[in-house]
Amino acid sequence: MKLTILGGGGFRVPLVYGALLGDHAEGRVRHVTLYDTDADRLDAVARVLGEQAGGIGDAPAVVATTDLDEALRGADFVFSAIRVGGLAGRAADERVALDEGVLGQETVGAGGIAYGLRTVPVVVDLARRIARLAPDAWVINFTNPAGLVTEAMSRYLGDRVIGICDSPVGLGRRVARVLGADPDRARIDYVGLNHLGWLRGLHVDGRDELPRLLADPELLGSFEEGRLFGADWLRSLGAVPNEYLHYYYFNREAVRAYQDAEQTRGAFLREQQEGFYARMKDPAAPPLTTWDRTRAEREATYMSENREAAGAGEREESDLESGGYEQVALALMRAVARDERTSLVLNVRNRTTLSVLDADAVIEVPCLVDANGARPVAVDPLPYHAVGLVTAVKAVERAVLDAAETGSRASAVQAFALHPLVDSVTVARRLVEGYTKVHPGLGYLDRP
Ligand code: G6P
Ligand code: MN
């Protein structure tokens with residue numbers, strides 16, 4: 001099996017490679033090709049992977065290239081994990097929104113729309129190239145905003161592109177653990193869009209254990225989402241929302257906290273990662289120790305901003321095993337490559353799962369996965385309050401896709417204006433002005 005990683009110079013690639021190193025089974029990935037537009041970052045990451053592979057006999061061979069076509073040819077799996085505009089682009093997405101008094105965040109609200117507008121044209125190009133050069137490859141999309149990006153790519157790749165996120169799995173595991181259940185045996189009832197879903201049930205041996213959690217204030221106070229949303233609100237909802245719904249349910253507080261912060265999350269990560277790349281560029285720098293790597297991985301992946309802002313504390317050590325996105329990716333590849341039927345929460349086309357959305361809308365939902373790919377399982381309908389958010393945000397995504405396809409500024413304005421977290425059409429217009437000023441990549445929005 002050959003795996004190609006688009007965005008192979010990314011900070012989290014060592015996590016993915018680390019997961020592959022733990023797989024010794026027949027049919028595992030034996031060749032990894034790293035592709036990136038930045039040769040220095042590629043060198044840095046290739047060096048880390050070399051250090052990781054040291055002493056491991058069956059470690060997958062690694063090739064690094066800045067030639068996209070070469071990277072794609074012969075790929076069985078393509079991971080897309082790119083960040084268009086880099087962390088500087090993310091920091092600008094966050095800042096412009098916050099300066100307008102609305103949420104500036106990587107994937108949610110105005111910041112997420114700006115990121116989507118910048119990213120969709122690039123991933124559409126990639127999808128076209130993949131369809132031509134590796135038509136049989138399975139594409140696993142991590143690129144954020146993951147749901148929107150997966151939908152953009154699915155127009156060219158159909159069900160061969162599958163989007164992943166670690167947050168629903170992480171939520172399911174935390175809730176299972178609080179209830180004293182084995183996370184690997186619990187079936188979760190979860191549905192929505194990426195970063196916009198609700199856990200409505202957790203079934204162990206055919207019994208829903210979630211009501212027991214919702215009835216117990218002490219249990220509710222003992223895990224991350226319980227502290228983030230508060231026991232009363234979880235009881236009112238009768239469900240546990242994805243942590244990203246904090247930005248909707250506590251929007252005013254989140255915006256204020258971000259405005260008061262010294263730097264945005266993107267600016268913070270940028271500083272942190274610049275240090276890493278500078279260090280890896282120095283040929284005399286000693287190899288990273290295991291401790292360095294563990295620390296870098298933790299900082300990169302698990303100290304998410306909303307947890308910090310809400311004072312929910314850092315994620316516990318027990319959450320770090322088998323919950324990370326690299327584990328979801330590996331589980332997905334295994335199921336597809338070896339036809340090992342498994343169930344995973346993934347971003348796939350809706351088909352008939354949620355009747356309020358059309359068949360091509362990408363949703364996040366538990367799926368059965370095997371050699372034929374991922375098929376959503378049947379779920380109960382969403383309650384009206386959730387239908388409201390899901391359909392509003394899907395309309396926003398469709399406006400972004402239209403703007404990216406046609407270059408229409410009116411569609412871009414519509415995307416911002418229709419978002420539940422942008423409170424005025426005037427603000428939406430100013431956001432389009434502001435973003436096109438700071439992002440050269442939005443120059444394509446040149447049609448009225
Ligand atoms: C979670 C989300 C990802 C996001 C990641 C890191 O894992 O599911 O979509 O990329 O957090 O967020 P950060 O703010 O650390 O870049
Ligand atoms: Mn995610």
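Backbone N, Cα and C atoms are what each Cβ position is placed from, and that goes for glycine too.
Per TrEMBL, the features are:
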- Asp166: active site, proton donor (ACT_SITE)
- Tyr244: active site, proton acceptor (ACT_SITE)
- Arg90, Asn144: substrate binding site (BINDING)
- Cys165, His195: Mn(2+) binding site (BINDING)
- 190-422: domain 'Glycosyl hydrolase family 4 C-terminal' (DOMAIN)
- Glu106: site 'Increases basicity of active site Tyr' (SITE)
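Sequence features annotated in TrEMBL and their locations in the structure.
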| residue | record | DSSP (3 states) |
| --- | --- | --- |
| Arg90 | substrate binding site | helix |
| Glu106 | site 'Increases basicity of active site Tyr' | coil |
| Asn144 | substrate binding site | coil |
| Cys165 | Mn(2+) binding site | coil |
| His195 | Mn(2+) binding site | coil |
| Tyr244 | active site, proton acceptor | helix |
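Every protein chain shown contributes to the tally, and the Cβ of Arg90 (substrate binding site) ends up with 27 other Cβ atoms within 10 Å.
Taking Arg90, His195, Tyr244 as the candidate recorded positions, the subset whose CB lies under 6 angstroms from any atom of ligand 1 is empty.
Asn144 (substrate binding site) sits 12 Å from the residue listed as 'active site, proton donor', taking the Cα positions as reference.
In this structure, the recorded positions that sit close to ligand 2, with a C-beta under 6 angstroms from any of its atoms, are Cys165, chosen from Arg90, Glu106, Cys165, Tyr244. A distance of 12 Å separates the Cα atom of Cys165 (Mn(2+) binding site) from that of Tyr244 (active site, proton acceptor). Confidence over the domain 'Glycosyl hydrolase family 4 C-terminal' (190-422), given as mean pLDDT on the 0 to 100 scale, stands at 89. Cα proximity to His195 (Mn(2+) binding site) (within 10 Å) is found for the following recorded positions from Arg90, Glu106, Tyr244: Tyr244. Distance noted between the C-alpha atoms of Glu106 (site 'Increases basicity of active site Tyr') and the residue listed as 'active site, proton acceptor' is 11 Å. Put simply, the residue listed as 'active site, proton acceptor' is 12 Å from Asp166 (active site, proton donor) when counted between their Cα atoms.
The residue listed as 'active site, proton acceptor' sits 17 Å from Arg90 (substrate binding site), taking the CA atoms of both as reference points.
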